[in-house]
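Chemist: What follows is a single structure, and I will ask about it in a moment.
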Amino acid sequence: MAFAPVGPEASFFEVLDQHRASLLAALRTGGGEPADGGTRLASRFEDSVGLQMVPHCTRRKIKSDSPKSVKNFALILKILSIIYKLVQSNTYATKRDIYYTDSQLFGNQTVVDNIINDISCMLKVPRMSLHISSTSKGLIAGNLRYIEEDGTKVHCTCGTTAVAVPSNIQGIRNIMTDAKFLLIVEKDATFQRLLDDNFCNRMSPCIMVTGKGVPDLNTRLLVKKLWDTFHIPVFTLVDADPHGIEIMCIYKYGSMAMSFEAHNLTVPAIRWLGLLPSDIKRLNIPRDTLIPLTKRDQMKLDSVLKRPYVTCQPFWRKEMEIMADSKMKAEIQALTFLSSDYLSRVYLPNKLKFGGWI
């Protein structure tokens, strides 16, 4: 059953359709963005996957008879025993649940998180296969329907109320959409503002997702599943600052911490729609609406510029160099200087219609 079209005329999506055709052609030929030749760190970059572990990376040994690692060894065994019971009983627990089974023993949540990542990496299986589920914080809206694992039918809408990202992405089925594109929005406040401005409806058919900042595992899995299933163009809307760029890179290329699960999480076809540092000058956004880069921002920006995937993204590098030269950053809300609804009525529609992404 198709969705009733309520958005712009078909001609509006002409450039988007051409972009999708080029993405499909690249998939058929097995092509991707030019690789950089690899890197000899704990992870490497592959253009069709993102960051992933190198075959012979440095390994850390934990011995039961070593005074330095005996506690960590015991904690690993403790969590393995919990995982064994979960698998045997076919039940699931969150990392937080596991921490509270013996909070005094573990000390803090980070210890549990790191051990679970180590176990996933060691056994070469995704976290869900260990029966460890993630708490979803993301939201989704737009042209999408699916059935959850327990049979619940979910009908996302273009209204002002979004749907929570499911806690078991692998379990959803019968996914349906007519969407022309998927827009990942960095911040919840911007996501809600777009819904309030009726952007999702006016740009229908489309899908909007937010991870409310740094995305949780389920939000990343959902974006990946939608890309693998429908191969529609995926764009990001983030602040023109190093933190926003970092978040966009997590969706597109993954992270060092989860590089062992890159095949299940990354969408290298993602494009940067906005806010671009070059847009700040092009739109004559006043300098007093901008924010100076902090020392931490500059360190983050320098770190991103040194990453292997930036070498195959010359347009991204140019935008980051503009930011570095100006020593200024801008939030998406800076566009409200032009008008309160400039983002939803002018900026994004023009970007989508005329191909203003990189």
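Every residue gets a Cβ built from N, Cα and C, even glycine.
Heads up, TrEMBL stuff is auto-annotated, nobody curated it.
Not my notes, these are from TrEMBL:
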ACT_SITE  Tyr100  active site, O-(5'-phospho-DNA)-tyrosine intermediate
DOMAIN    2-43  domain 'Meiosis-specific protein Spo11'
DOMAIN    71-132  domain 'Spo11/DNA topoisomerase VI subunit A N-terminal'
DOMAIN    181-352  domain 'Topoisomerase 6 subunit A/Spo11 TOPRIM'
Chemist: Let me know the model's mean pLDDT on the domain 'Spo11/DNA topoisomerase VI subunit A N-terminal' (71-132).
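Modeler: A mean pLDDT of 88 is what the predicted model shows over the domain 'Spo11/DNA topoisomerase VI subunit A N-terminal' (71-132).
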Chemist: Let's see if you can do this one: DSSP helix, strand and coil counts over the domain 'Spo11/DNA topoisomerase VI subunit A N-terminal' (71-132), in that order.
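Modeler: Across the domain 'Spo11/DNA topoisomerase VI subunit A N-terminal' (71-132), DSSP assigns the residues as follows: 47 helix, 3 strand, 12 coil.
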